[in-house]
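Take a look at the structure set out below.
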Amino acid sequence: MPTVISASVAPRTAAEPRSPGPVPHPAQSKATEAGGGNASGIYSAIISRNFPIIGVKEKTFEQLHKKCLEKKVLYVDPEFPPDETSLFYSQKFPIQFIWKRPPEICENPRFIIDGANRTDICQGDLGDCWFLAAIACLTLNQRLLFRVIPHDQSFIENYAGIFHFQFWRYGEWVDVVIDDCLPTYNNQLVFTKSNHRNEFWSALLEKAYAKLHGSYEALKGGNTTEAMEDFTGGVTEFFEIRDAPSDMHKIMKKAIERGSLMGCSIDDGTNMTYGTSPSGLNMGELIARMVRNMDNSLFRDSDLDPRASVERPTRTIVPVQYETRMACGLVRGHAYSVTGLDEVLFKGEKVKLVRLRNPWGQVEWNGSWSDGWKDWSFVDKDEKARLQHQVTEDGEFWMSYEDFIYHFTKLEICNLTADALQSDKLQTWTVSVNEGRWVRGCSAGGCRNFPDTFWTNPQYRLKLLEEDDDPDDSEVICSFLVALMQKNRRKDRKLGANLFTIGFAIYEVPKEMHGNRQHLQKDFFLYNASRARSKTYINMREVSQRFRLPPSEYVIVPSTYEPHQEGEFILRVFSEKRNLSEEVENTISVDRPVPIIFVSDRANSNKELGVDQESEEGKGKTSPDKQEQSPQPQPGSSDQESEEQQQFRNIFKQIAGDDMEICADELKKVLNTVVNKHKDLKTHGFTLESCRSMIALMDTDGSGKLNLQEFHHLWNKIKAWQKIFKHYDTDQSGTINSYEMRNAVNDAGFHLNNQLYDIITMRYADKHMNIDFDSFICCFVRLEGMFRAFHAFDKDGDGIIKLNVLEWLQLTMYA
């Protein structure tokens with residue numbers, strides 16, 4: 001049996017007690033500045049039926065811009081209005097921000113002044129240093145910058161108060177349109193701003209990103225990798241610097257050369273997430289205090305003396321007494337951009353240097369190689385010019401590589417391709433993208449510490465077809481990278497959502513199962529160990545890792561650490577050579593052909609169709625007398641009536657009356673009378689709605705009633721399904737776990753895909769993810785009825801049917 005998942009425990013995002021128990025805790029990612037709650041989303045596989053009534057198609061930026069110019073009005077964004085709803089969702093703030101357009105804030109506003117660069121970014125009073133650190137990295141790659149920030153925008157030519165920015169969003173690029181109203185206090189920007197008072201590209205980019213996630217507050221706290229990926233569509237690798245490879249400097253250098261984005265941070269040993277208020281202090285009052293203390297003089301373009309005071313300037317994120325700045329000037333729990341690597345000749349020796357930037361635009365490293373370090377005088381003047389050394393408080397500074405790896409704990413690298421940074425070769429990689437979801441009670445099975453449910457997680461077959469082209473490597477190996485990303489958790493924070501702890505495992509598929517797209521069952525995972533897996537389960541938006549495995553067929557199982565956690569994800573697989581990656585989906589089918597009893601016009605026709613038969617006109621019900629005289633024996637029955645059959649006949653006669661047919665109310669009485677005599681089956685009986693569905697299943701002439709023969713057919717089915725139910729009701733509670741419903745449905749001869757299993761769970765499980773006997777039978781009745789109806793219409797057997805509106809409504813309304 002595979003071993004239990006073990007994972008190292010990284011610093012937690014908040015001060016909270018560990019849960020007791022033998023299962024090892026997953027690693028926790030240190031979100032740079034905030035926390036959140038936890039909630040399950042609402043999933044419906046048939047939500048698309050509501051799409052036509054949601055609204056008209058969104059207009060493009062060009063259409064909106066043109067319309068505003070024609071009407072000579074300034075654009076106001078109805079989806080992200082300039083009011084409190086776009087700012088914060090958790091509480092009402094005690095001060096009121098004034099929304100102003102740039103021409104109302106200053107004279108001669110400009111979108112970009114002398115090119116967008118990293119010194120244009122100064123953090124405001126929102127805990128989104130992770131986002132701003134990524135912007136600083138983005139400015140180092142002009143090609144990427146122009147993709148995210150279209151430069152044909154202006155406050156002068158064709159100005160209409162409308163701007164747009166582009167972000168990579170879960171596999172596709174989206175255009176986010178905003179108005180240019182920005183929150184201010186005392187006529188100063190509250191959030192991100194530029195060193196130039198009249199430059200606004202960074203503030204507007206932040207607003208567009210806030211709209212993408214639902215509010216400004218949603219940007220509070222995160223990891224730099226999130227924004228890096230949203231700017232590039234790249235794939236991120238995450239390094240714990242203390243456990244990093246010996247050639248880390250080489251890796252960082254190659255990242256710079258290839259245009260990769262890099263960020264770093266220092267774990268906060270206080271267990272307080274940076275950017276959150278201390279216990280007992282209201283966050284609204286805290287930010288209000290900060291905003292009121294903003295020093296307007298900081299917005300002048302004149303240089304500031306960085307050594308004038310040991311106190312941090314008043315334009316801060318948190319009050320000085322709550323900051324986590326160290327004596328060396330670095331800040332714990334804070335995101336920095338890595339903006340350069342170099343080497344300098346110092347006293348006859350080469351010294352490796354790293355250039356970093358604090359998104360605050362101030363508060364810098366004060367050790368060796370800092371701006372004001374006295375030994376810069378020993379460096380050649382031309383070298384200093386090449387390194388752009390300046391004594392300015394702009395948040396950017398140099399430090400030695402040795403000091404960097406000593407003080408910093410995390411390094412995040414967003415690669416624009418999946419090429420390994422240890423390699424000197426650039427490859428053309430193939431990528432496959434699969435979207436999926438974990439649905440509570442059906443496909444949210446948790447990690448392999450939970451063997452009863454792990455197998456229910458979504459599964460993705462990966463076929464590695466060709467080995468790598470590496471003449472120096474004698475192994476027959478395929479290199480690939482797997483990246484699992486959870487979707488929309490930040491946007492759903494206002495609903496209580498937080499990042500799940502996620503990871504994945506990779507299993508090799510036995511040769512005899514190659515090409516078989518069936519979902520691997522529980523026993524497979526009980527007796528087969530994984531060939532590879534993510535290094536750890538961690539609460540980051542994306543988990544990625546490189547692997548080298550022989551050509552073969554594998555299955556990737558993405559999961560949350562705990563079961564029953566519902567969410568969406570995308571799974572990306574990058575490989576040097578051709579690969580095939582697709583979700584495992586069972587073929588929808590039913591085991592044995594059953595008589596198809598269904599007509600397209602119930603009111604006027606009386607047809608009974610078989611799977612391999614032509615329809616027979618005029619074949620209807622026999623009279624009650626004939627049915628009673630010569631009942632058709634059921635499979636497995638003897639000629640002589642059993643005690644149960646005699647009991648049925650007597651009860652049926654008592655309830656049915658002279659016409660020997662029963663309606664839904666009468667069927668309920670018959671079934672519940674018989675079921676109650678089965679003491680080994682705990683059930684509250686059948687509901688009227690279930691009985692109506694049963695009649696719809698067995699009714700051959702649209703009368704809305706069942707005769708004795710039809711009732712016998714129905715009861716035999718219920719008995720067969722009852723055996724399946726009792727098999728999975730292991731604790732004899734009268735319910736089965738929704739995760740077992742997949743196997744129960746399969747045992748009954750119905751083979752469905754993952755989407756249909758999800759629908760069954762949503763439709764028939766209770767809030768505890770249990771399914772009682774009545775719901776169980778009702779589900780099977782509906783399944784059999786739908787399969788019968790489909791086969792009745794699928795006259796040519798090609799698996800496709802065409803219905804007119806009358807047939808469709810008849811099919812769905814009487815079922």
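Including glycine, each Cβ sits where the backbone N, Cα and C put it.
Computed from a predicted structure; not experimentally measured.
What Swiss-Prot records for 7-36 (among others) is region 'Disordered'.
Annotation comment: Swiss-Prot describes 74-417 as domain 'Calpain catalytic'.
The feature active site is assigned by Swiss-Prot to Cys129 (among others). Cys129 (active site) counts 28 other C-beta atoms within 10 Å of its own C-beta, drawing on all protein chains shown. Secondary structure at Cys129 (active site), as computed by DSSP, is helix.
Around His334 (active site), a 10 Å sphere centred on its CB holds 27 further CB atoms from the protein chains shown. Residues annotated as active site in Swiss-Prot, with sequence analysis given as evidence: His334 (among others).
The feature active site is assigned by Swiss-Prot to Asn358 (among others), with sequence analysis given as support. Long-range C-beta contacts of Asn358 (active site), restricted to its own chain and to partners at least six residues apart, with a cutoff below 8 Å, comprise Val331, His334, Tyr336, Glu364, Gly395, Glu396, Phe397.
Looking at the region 'Domain III' (418-586) alone, the prediction's average pLDDT is 86. Feature annotation from Swiss-Prot assigns region 'Domain III' to 418-586.
As annotated by Swiss-Prot, region 'Linker' applies to 587-649.
The region 'Disordered' annotation in Swiss-Prot covers 605-646 (among others).
The feature compositional bias 'Basic and acidic residues' is assigned by Swiss-Prot to 616-628.
Positions annotated as compositional bias 'Low complexity' by Swiss-Prot: 629-639.
Secondary structure of the domain 'EF-hand 1' (643-677) per DSSP, as helix, strand and coil residue counts: 26 helix, 2 strand, 7 coil. Look at Swiss-Prot and you will find 643-677 tagged as domain 'EF-hand 1', backed by sequence analysis.
Residues or ranges marked as region 'Domain IV' by Swiss-Prot: 650-815.
Using a 10 Å radius centred on the Cβ of Asp659 (Ca(2+) 1 binding site) and all shown protein chains, the other Cβ atoms total 10. Under the heading Ca(2+) 1 binding site, Swiss-Prot lists Ala656, Asp659, Glu661, Glu666.
In the structure as shown, the Cβ atom of Asp699 (Ca(2+) 2 binding site) sits within 10 Å of 20 other Cβ atoms. In three-state terms derived from DSSP, Asp699 (Ca(2+) 2 binding site) belongs to neither a helical nor a strand segment and is classed as coil. Annotated Ca(2+) 2 binding site per Swiss-Prot: Asp699, Asp701, Ser703, Lys705, Glu710, in sequence order.
Summarising the annotation, Swiss-Prot assigns Ca(2+) 3 binding site to Asp729, Asp731, Ser733, Thr735, Glu740. With a cut-off of 8 Å between CB atoms and residues at least 6 apart in sequence, the same chain places Lys682, Asn770 near Ser733 (Ca(2+) 3 binding site), listed in sequence order.
Using the Cβ center of Ala656, Asp659, Glu661, Glu666 for Ca(2+) 1, the list of other same-chain residues with Cβ within 8 Å runs, in sequence order, Phe652, Ile655, Gly657, Met660, Ile662, Cys663, Lys705, Leu706, Asn707. Shown are the binding-site residues Asp701, Asp729, Asp731; of these, the residue with the fewest other Cβ atoms within 10 Å is Asp731. Annotated pair Glu666 (Ca(2+) 1 binding site) and Cys129 (active site), C-alpha to C-alpha distance, rounded: 68 Å. Sequence-ordered, the extra residues of this chain that approach the Ca(2+) 3 site, with Cβ no more than 8 Å from the Cβ center of Asp729, Asp731, Ser733, Thr735, Glu740, are Tyr728, Thr730, Gln732, Gly734, Ile736, Asn737, Asn770. A 10 Å radius around the C-alpha of Glu661 (Ca(2+) 1 binding site) takes in these recorded positions out of Cys129, Lys705, Asp729, Thr735, in sequence order: Lys705. The two recorded residues, Asp731 (Ca(2+) 3 binding site) and Asp659 (Ca(2+) 1 binding site), have Cα atoms 43 Å apart. Residues within less than 8 Å, Cβ to Cβ, of Lys705 (Ca(2+) 2 binding site) and separated from it by at least 6 positions along the same chain comprise Asp659, Glu661, Ile662, Cys663, Ile695, Asp699.
Note: Glu710 (Ca(2+) 2 binding site) has non-local neighbours Met698, Asp699, Thr700, i.e. same-chain residues 6+ apart with C-beta under 8 A of its own C-beta.
For Ser703 (Ca(2+) 2 binding site), the nearest neighbour among the recorded positions Cys129, Ala656, Asp729, Thr735, Glu740, judged by Cα separation, is Ala656.
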